[in-house]
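Listed in TrEMBL for this protein:
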DOMAIN    51-262  domain 'Fatty acid desaturase'
TRANSMEM  33-54  transmembrane segment
TRANSMEM  168-191  transmembrane segment
TRANSMEM  203-227  transmembrane segment
Amino acid sequence: MNRALTSFCNYFDNEHKLLSVDQSDHSVDWHRILPFIFLHLACFGVILVGWSPVAVGVAIGSYLIRMFAITAFFHRYFSHKSFSTSRPVQFIFAFLGTAATQRGPLWWAAHHRAHHRTADTDADAHSPLKGFWYSHCGWFLSGAHFATREELIKDFARYPELRWLDRYDMAVAAIFGTSLWLLGEGLAWLVPELGTSGWQLLIWGYFISTVALIHATLSINSLAHWWGRRRYDTRDDSRNNLLLALITLGEGWHNNHHHYAGSARQGFFWWELDISYLILKMLSWTGLVWNLKPVPDRKKFAHKQVAGVKNR
Ligand SMILES: [Zn+2]
Ligand SMILES: [Zn+2]
């Protein structure tokens with residue numbers, strides 16, 4: 001019994017998993033891919049649980065709030081420090097981002113910092129040079145990219161609560177999924193006319209929503225380096241793409257972002273819709289976040305200067 005409990009706890013502990021991971025192996029680790037496949041297969045549970053307007057609404061809400069946590073916090077805050085916030089707000093969004101099941105904040109931000117240093121070269125974990133599927137999801141299913149690159153995220157690794165989220169990220173996903181199940185059971189009991197249940201909210205609010213969320217986020221590593229327009233002549237192959245910007249709340253302006261990564265906004269011009277930035281702006285009026293870093297004009301209009309030089 002004790003043994004079963006220990007192995008159950010170990011399943012959620014990344015430090016324990018690290019003991020059996022081959023950190024020099026860049027190929028897809030079939031042992032690690034099983035939970036990823038399970039996540040996708042579980043979506044077919046919809047055949048058993050059906051749907052209801054409330055389940056679809058919860059799935060959309062769960063997608064939007066966790067996507068915001070990923071783009072605004074995992075990316076713009078933890079990876080690039082493009083604005084400031086308090087320790088409680090930092091923790092709340094780190095928790096919600098971890099519930100997106102894309103590993104913890106330290107792992108995510110450290111790998112992303114490495115991406116900016118080596119974008120689209122052989123040293124880049126998800127370089128498009130390695131093929132579409134590897135750049136999309138093969139890279140994070142390999143042993144070589146399992147560990148958190150702590151040397152790249154020392155500034156945030158000093159917070160024990162973030163280290164905990166990073167170490168037990170699967171437990172956070174389990175807490176999130178269980179909360180949705182409890183919500184569904186509660187609604188079925190209190191408001192049965194809604195036609196929902198615990199299993200229905202778990203399938204829609206966690207599994208379907210999470211699979212959509214993961215692939216939308218991963219498309220910035222893969223598609224946003226292949227498909228779209230290049231305004232700035234960056235050293236990598238990054239692109240601006242409206243469709244990707246819509247599904248990721250602003251991350252699709254990826255060529256802008258590789259050109260100048262220090263800004264809280266990625267849509268540099270008014271017509272480049274960047275929903276995460278608009279929400280951050282509103283949060284800044286409440287005092288929950290502050291010091292949103294702008295894009296300097298010399299960076300924003302750099303493409304015009306280059307064109308001007310070429311025309312002369
Ligand atoms: Zn990129
Ligand atoms: Zn970035």
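Yeah, the Cβs are placed from backbone N, Cα and C, and that goes for glycine too.
Automatic, uncurated: that is what TrEMBL annotation is.
When Cβ-Cβ distances below 8 Å are used as the criterion, the transmembrane segment (168-191) is approached by residues 11-14, 35, 54-55, 58, 62, 95, 98-99, 101, 103-104, 107, 197-202, 205-206, 210 of the same chain, each at least six residues removed from its ends.
Averaged over the domain 'Fatty acid desaturase' (51-262), the predicted model reaches a pLDDT of 94.
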